[in-house]
Amino acid sequence: MQVKIDKIDEFKRHTIYDIIPVTKNDTVLKFIFNDPKERFQNFLPGDYLQILSHTQGQTVVRPYTILKEKENRFSIIVKIYKNGVMTQHLKRLLIGFAVKIRGPININERIGVSRSVKSLSMSSILSTPVIADKALLNPNSDDGCWDILFMICRGTGITPMLQLIEYHLEKLNDKQNNTQLFLLFSNETELDIILEPDERLKQKKVEDLEELENRSNGKLKITRILSNKLDKLGDLSHDVIFSWLSKNYTPNNNGEIISIPSSITHGHTSYSSSSSILKKELPIQEQQQIIYEPTKYVETLSCDPVALRVFVCGPSLMMSAVNEAFSKMMFPEEKIITID
């Protein structure tokens, strides 16, 4: 399915319907816009919009992931930076103000690459938009769904994951769809978690992560992990990522199901960077098995016919840490899509 868009290279004014803090520390805001002409009602995962503003003597354009809302509206989630020209401009706006927006725009077409490219950049913000394509979907499936979808993100990197989750949940009305969704959401503290259950979200009738997970009827499993101030990236180490993957999915190679040692698969559902899954002393034989089994897991996963993908999105340091972890475990590159 392609989305038909008229003159998407033109910025149109959309009024702000509401502005809602979506973290407990109020550093991330959700802007909900009115969409009377329904320009943003039929977009696909990977699509984004651009906002143009004239502020501080500058003309600024920034891309934001589009999220669905009810009643002919759409939204974006924005982290407010102290020195951010655009985010400080948006922070000063009030309900009812008009914002210049264009889109939907496809993330692949923005940089002129095919969907097979592993890394999808969000840096070229002024390129000419084109008709959207199925950028992040399964090209070998009629409905575009993946069988197993792993998502790793930090902070506002959750926004394209929310697109993917919403798309797959909509398709789950089809009884033949056996998709399983797993989200690993990293943040520094609990106050930084976007859409964590909060009374203010309930008052505004904004769906939080717990409600989203419940709505999936068991299809979506969300794991939250927190880092500490001394080691901001230790929460996404090789050990933690492998534990999360192997606990949620066992690859199948021609009927051969591999076993993963309990010291890896039966850990906690959430981790902090101050603790290591493999820190405790283990018998030599079990230590050798742990070293071997991740290799066997990845080898078997490479031959698994199931349509499985891992999507990664977040700050550059986090992305580097995750890429290093996958490189260390020799995870098949064709199964990873990073959104920069």
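Including glycine, each Cβ sits where the backbone N, Cα and C put it.
Computed from a predicted structure; not experimentally measured.
Here TrEMBL flags Arg62, Pro63, Tyr64, Ile77, Lys79, Met86, Thr159 as FAD binding site. Around Arg62 (FAD binding site), taking its Cβ as the centre, 19 other Cβ atoms fall within 10 Å, counting all chains.
Marked as domain 'FAD-binding FR-type' by TrEMBL: 9-111.
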**Message:** If the FAD binders are Arg62, Pro63, Tyr64, Ile77, Lys79, Met86, Thr159 per the record, what's the largest distance between their Cα atoms, in Å?
**Reply:** 18
**Message:** Suppose we draw a 10 Å sphere around the Cβ of Tyr64 (FAD binding site). How many other Cβ atoms does it contain, all chains included?
**Reply:** 21
**Asked** Within 10 angstroms of the C-beta of Lys79 (FAD binding site), what count of other C-beta atoms is obtained when all protein chains are considered?
**Response** 16
**Message:** What does the DSSP secondary structure composition of the domain 'FAD-binding FR-type' (9-111) look like, as residue counts for helix, strand and coil?
**Reply:** 13 helix, 52 strand, 38 coil
**Complete:** Not counting Arg62, Pro63, Tyr64, Ile77, Lys79, Met86, Thr159, residues with a CB within 8 A of the CB centroid of the FAD site are Ile51, Thr65, Ile76, Val78, Thr87, Thr156
